[in-house]
Amino acid sequence: MNTQDKIVFFHSASTWMEGRAVEQLKRAAELPGMIAAAGMPDLHPGLSAPVGAALLSEGVIYPELAGGDVGCGIALFRTGLAAGKFKAAKLERRLLAHLPETPEYEFPAQWPAWLRRDLGTAGRGNHFVELTGFEEVRDPVRAETLGIDRRNLWLLVHSGSRGHGQALLERTPKGGLVPESEPGRKYLAAHDRLLEWAKLNRRLIAAGFLAAAGGEGELVSDNCHNSILPAPAGSGWIHRKGTAATAEGAPFVIAGSRGTFSYLVEPAGEQSRNLWSAAHGAGRKWNRQGTRSRLETRFKPENLKRTRLGSVVVCSDRQLLYEEAPEAYKNIETVVDDLAAAGVIRVIGVLRPVLTWKSPKEGE
């Protein structure tokens, strides 16, 4: 099959796609055993493979396509914190003075002891913890079934497997692996464990953060967007890098970029055409170094700690403050509109950020 015939893009003609990301997706689709590929509207270049893509293989898996942060995902929690009474400045001061503490938890007996390291921490990069509220409900009936109450705040947690995923990738043989081979089985067993580790970590992060905020959390959605999992139909394998999983039909969040809206959505229609996957965020348009060089002359650090939506950004790391500025990302509304127009998702509600917390450098 021709490479072009393997790839389906889910963006409108007016949506900008970086050429290097498209080329990365084409090269990935040409790998032996690749059957199909899906490019999302947030597609952008990764280190060696595109971000915002899903690929279907038969008889072989490629760990590098999922990258060094397997298990990375976004969880949404109901908090019970009253939006009208919440004081962002008060929590900002508390977070700058003391990091949230990891609550007590039951460590799985079958896990190696070294996996205790980093539990309860979000990590750096584009990972974040965000208190948010529903700006708009687009599907009142579905929102009611999910218990959405616009009077209360909600919590988003975006985090991955910390350094454990990169360590797994580095000790795994390069190239394609036969899933039933010894290297393939070893990788998949460690991969599956890190997916569970990352889910537990998001729950611990939420519990620690909400304790600092004076609330408690109830998990509503947790969607992993870096993984290699059996295809829901047939005998193939779905490789996801920066794409939400839609096979279970559960609602999930497509995250904005700190100073923009996020969207609670759910899969719509037949999902095999988009490889049971959807965009997980806005997608970068500038790399980190390019973002700093563009913005350091335009904004002082303090300017970036308050967003155009009036939300508060708690980040003591000057470099990270610039690298993850909203300007570095594509338009989230365009990403969501493209997926909705393609019949991949339907929007349940729109989330407005109230306070976003970025982890400080280690040692601070």
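Any Cβ shown, glycine's included, is placed from N, Cα and C.
Per TrEMBL, the GMP site holds ASN126, HIS127, PHE128, VAL129, GLU130, HIS225, ASN226, HIS280, GLY281, ALA282, GLY283; the candidate it also names there, chosen from SER235, SER262, SER293, SER316, is SER262. Within 10 Å (C-alpha to C-alpha) of HIS225 (Mn(2+) 2 binding site) lie the following binding-site residues from HIS127, PHE128, HIS280, ALA282: HIS280. Candidate binding-site residues: HIS127, HIS280, ALA282. Nearest to HIS158 (Mn(2+) 2 binding site) by Cα distance: HIS127.
A strand conformation is recorded for GLU130 (GMP binding site) in the three-state DSSP classification.
Within the same chain, the residues at least 6 positions away from HIS280 (GMP binding site) whose Cβ sits under 8 Å from its Cβ are ASP42, GLY52, ILE74, ASN223, HIS225, GLY242, THR243, ALA244, ILE254, ALA255, listed in sequence order. In sequence order, LEU155, LEU156, VAL157, HIS158, ARG258, SER262, PRO353, VAL354, LEU355, THR356, TRP357 are the residues near GLU130 (GMP binding site), counting only same-chain partners six or more apart with C-beta under 8 A.
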